[in-house]
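Right, one structure below, let's go through it.
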Amino acid sequence: MVHLTFLLVLAVAVNFWESGDAKFGEKGEIGPRRRRCLDGSTPRRLKKRERPLSVDGSRDREICHTFYPRQSCCRTRSAHQNLHLRDARIFSVTNNTECAKLLEEIKCARCSPQAQNLFHSPDIEDAADREPVLPLLCKDYCREFYYACRGHIPELFQADVDEFCLYFGRRDSGLCFPDFPRKQVRGPASNYLDQMEDYEKVEEMNRKHKHNCYCVHEILRGLRQPVGIVNCGDGSQRLFILEKEGFVRILTPDMKLIKEPFLDIHKLVQNGIKGGDERGLLSLAFHPNYKKNGKLYVSYTTNQERWAIGPHDHILRVVEYTVSRKNPSQVDPRTMRVFMEVAELHRKHLGGQLLFGPDGFLHIFFGDGMITLDDMEEMDGLSDFTGSVLRVDVDTDCCSAPYAIPRNNPYFNSTNQPPEIFAHGLHNPGRCAVDQGRIDIDGSLLILCSDLSGKNATARRILQISKGKDYENEPSLFELKSSSSAPLVGGFIYRGCQSRRLYGSYVFGDRNGYFGTLQKTATGKHWQEKALCFGSRSSCQTSLTGHILGFGEDELGEMYILTSSKSMTQSHNGKLYKLIDPKRPRVPEECKRQVQSPQPLHTECSSLCKNGHCTPTGQCCCSPGWEGDFCRVAKCEPACRHGGVCLKPNKCLCKKGYSGTQCEQVDRSIRKQNKEGILDQLVDMTSYLLDLTSYIV
């Protein structure tokens, strides 16, 4: 009896072991979740020496074992090499593109312990006599694959993205590829941990830096080459995303993207579509008193006919706009006022960032534009601002000039330097940030900028911008010693509430995904660099992928990161992430703030100044041809002559017989009619006299 019981238990155990997590149908058939390879065999648990096998048998691209490090349907090198004899043409994209890297990953689906379910699911409606080309793809992965490969494999993409993913994507929440969290293995490394190819080394580095590891939460994807993200400070907690092509879009507090752009100037913006071309929409800064005056400032590159002659490639323009009086989610394009224009020769080292400090002054950052001394002579003095930080006062009542010069600017009374310059000697400034939390010990603002150490050099530095400094010779605040040589994107000084251990740190990164923090030492005289790591997808649910394009912060001081897997403006691969401290709740109770609804602009000047523009201080500046309080009186210059009445600017209502804008001309047609009338009268009188004479005779 004991032996019979043992045999029954053993049979049940074997049956359970074979079925795994399978579900049984009505006739005892194993359901679709049973682990099976494409040929129907069971997957094999890999030994340690078998794990570094890749799809093509080479060790330099060990991809599949990162997806399936424990169990796999690819047991030997020959099995890997013979996997893809079918549909070889589709998988023959071998150039170094995003599509080729994705295809290498998709090949690994045949090694999945769930390969039979991935390729022969009821969701896939291929012909029965032909094995499907692609496995079931997860929704986000499917869209990414569509946009990356539609130009390389056109025969595979005969529909739009929704129809394609309806056919090849998973329609429910079931199994799909990649069927479990994966390590970032394509494109540039997402951070310095991903540059380590050995899995054990990655885990070791995670353990070593666990005190400085953070997570990112994916907020939004599908952006078109985002370059910056800012907030307007009006209490609405909206985020404004800048897209390089010339659009500014609004992300609401509930993380929904408004369809209509906040600002659309793509017809004015001259942008570059190739990697390394920095032209396009560069920066946006909201006035500190934006809630009341609705003013914002934009910098972008453009081209106009009057600049077409000469060596200039483009113009970097700074413009003031005012939000619409009727719609707080749109800018009124008619309120455009050009602040300054600087001619540029080259398409790199442009700078162009705008920011307001706690002092209320607008700071404008220019790169050196890769300009030489010979170039400066050709540009006729228009390159005076290159490599400089400008500081101007936009709160001026003067209607003849768009800004005033602060009296404490270092070159306010200089005859050799433009008075707008606050500091100079910059080369290729990335994202500059002002510490909104405090002022430095000497009373100056704490502004940190990432930059290059010299023209066309790869050495990178962090600068603390101070009044009157020449950073061509001035020592840097910190020289980076990291192995990465990619351009620094910059960063922000974290003043948020969610992470206590990150508070006060300058968080920065470069284009290839190196992240670090700068923190002051205990003495407060020096800065210390620490590598900033991000946890894996398994620990954070999201991994940071793609090139780093920019940083931003919201009204609460929380930090955001913008990335893109492609460098061209036409791609919709931009993503927005939020920096999260995994040791704290995502939104602690003490960090919550009430959201205020954005209100339409309603000031006395905006309501009454119909024929002019309002300054940030509320002064109504009249357009040509208008005068009086709030520009309500039309004037004619010079005054209407010959008794004409002035109705519109430069337009008189003339009395009969006169014409022209100031009634200076006699109406020729009326004069001609008058002459003809007089002649007719003379003819009539003459004939009357002749008749009378003949009667008397």
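Including glycine, each Cβ sits where the backbone N, Cα and C put it.
Recorded disulfide link (TrEMBL): C636 to C646, out of the candidates C622, C646. The Cβ neighbour count for C663 (disulfide bond), using a 10 Å radius and every protein chain shown, is 23. A straight line from the CA of C663 (disulfide bond) to the CA of C636 (disulfide bond) spans 11 Å.
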